[in-house]
Amino acid sequence: MKLKTILLIHTGGTISMEVHAETGVVIPTENNPLFIEGVKLKEHADIIEIEAFNLPSPHITPREMLILKELIESYTREQKIDGVVITHGTDTLEETAYFLDLSLETTIPIVLTGAMRSSNEIGSDGLYNLLSAVKVACSEDAKEKGVLVVLNDEIHTAENVTKTHASNVSTFQSPQYGPIGFISKSIVHFHHSPNHRAVFPIQSITKRVALFKVYAGMEPDLLESSVKLGYDGIVLEALGQGNVPPSLVPIIEEILKKDIPIVLVSRCFNGIAQDVYGYVGGGKGLKELGVIFTKGLNGQKARLALLIALNHSDSRKAMEDIFSI
Ligand SMILES: NC(=O)C[C@H](N)C(=O)O
């Protein structure tokens with residue numbers, strides 16, 4: 001049987017790191033042990049392997065995410081690629097996955113993976129996760145499912161997955177809905193399908209979006225400063241079902257009058273922000289003021305969604321479409 005062609009893109013992260021023998025700290029390594037000679041992925045696919053970056057994922061910005069998008073577009077334009085696997089640090093993996101999910105127009109499987117233990121640690125999970133990701137990228141069933149995240153035998157959608165534990169290998173979970181599939185020794189199985197996915201291609205990122213976590217007794221000065229600093233959009237991780245302290249209401253009104261969009265999500269790990277409460281600062285009044293509510297995105301993903309919408313050529317329409325999904 002002819003093997004599928006998989007584009008394997010390394011970007012860095014713990015999966016490409018090792019523990020330093022003397023200091024014991026985890027650092028990026030020049031000799032990435034995952035390069036195909038080392039892992040024999042060749043039995044499963046024809047691998048075209050490139051290193052886009054070798055960055056810890058806290059160093060990744062939307063600029064690198066856009067470079068990745070363009071890299072995938074150019075490779076898939078020039079030759080037949082059946083699937084793409086991206087190795088990435090886990091800290092911001094969900095953000096790169098969601099950025100690509102929203103901006104990349106393709107039907108082939110795009111799979112991100114990483115590791116919680118570096119390459120020379122006992123119980124290192126990088127190699128295993130990489131092999132799983134390649135298996136998923138080769139699966140016919142993984143087509144047209146948007147960008148996927150594969151770690152620890154589970155398949156998650158970019159939209160719903162989040163890093164939930166600082167160190168445990170089962171850190172990636174989809175709080176609202178659970179994984180959409182799993183990998184075992186011999187099978188890749190999807191037990192759910194993601195909802196309809198809309199794509200918003202962008203060419204550049206010039207706008208800026210600030211993200212604030214709302215807390216008890218929060219004062220308006222932080223929001224005021226983001227306007228003074230010239231941010232183009234704001235995301236609030238609001239309380240509970242979508243409420244803020246009354247002290248924030250006048251500044252929210254002022255920001256919206258300046259035509260700066262405010263997107264609201266819940267800071268709760270689970271559930272969806274809604275316009276339920278009618279007291280001052282409650283979701284009902286915020287929605288009436290023009291605050292945009294999302295359906296279950298977390299703060300960091302709502303920020304990327306707003307960033308992509310604002311950088312889209314028809315940003316009004318993109319905003320309506322992204323946040324009504
Ligand atoms: N497990 C990891 O990959 C964490 C690392 N700090 C990173 O995101 O690059």
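Glycine residues also receive a Cβ, built from the backbone N, Cα and C atoms like all the rest.
TrEMBL entries are annotated by machine, without manual review.
Mapped onto three states, the DSSP output places T14 (active site, O-isoaspartyl threonine intermediate) in helix. Applying an 8 A CB threshold to same-chain residues 6+ apart, the list for T14 (active site, O-isoaspartyl threonine intermediate) reads V26, P56, G89, T90, G114, A115, M116, R117, S118, G126. TrEMBL lists T14 with the feature active site, O-isoaspartyl threonine intermediate.
Annotation comment: TrEMBL describes T14 (among others) as active site.
In this structure, T90 (active site) belongs to neither helix nor strand by DSSP; it is coil. Annotation source TrEMBL lists active site at T90 (among others).
Residues or ranges marked as substrate binding site by TrEMBL: S57, T90, D91. Every protein chain shown contributes to the tally, and the Cβ of S57 (substrate binding site) ends up with 23 other Cβ atoms within 10 Å.
Taken from TrEMBL, the feature domain 'L-asparaginase N-terminal' applies to 6-194.
For 208-323, the entry in TrEMBL reads domain 'Asparaginase/glutaminase C-terminal'.
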Its residues classified by DSSP, the domain 'Asparaginase/glutaminase C-terminal' (208-323) shows 49 helix, 20 strand, 47 coil
Near substrate: residues not in S57, T90, D91 with Cβ within 8 Å of the site Cβ centroid are G13, T14, P56, P58, H88, G89, T92, L93, G114, K163
Same-chain residues at least 6 positions away from D91 (substrate binding site) with a Cβ under 8 Å from its Cβ, in sequence order, are G13, P56, S57, P58, K163
Among S57, T90, D91, which the record lists as binding substrate, the farthest-apart pair of C-alpha atoms sits at a distance in angstrom of 7
DSSP says S57 (substrate binding site), in three-state terms, is helix
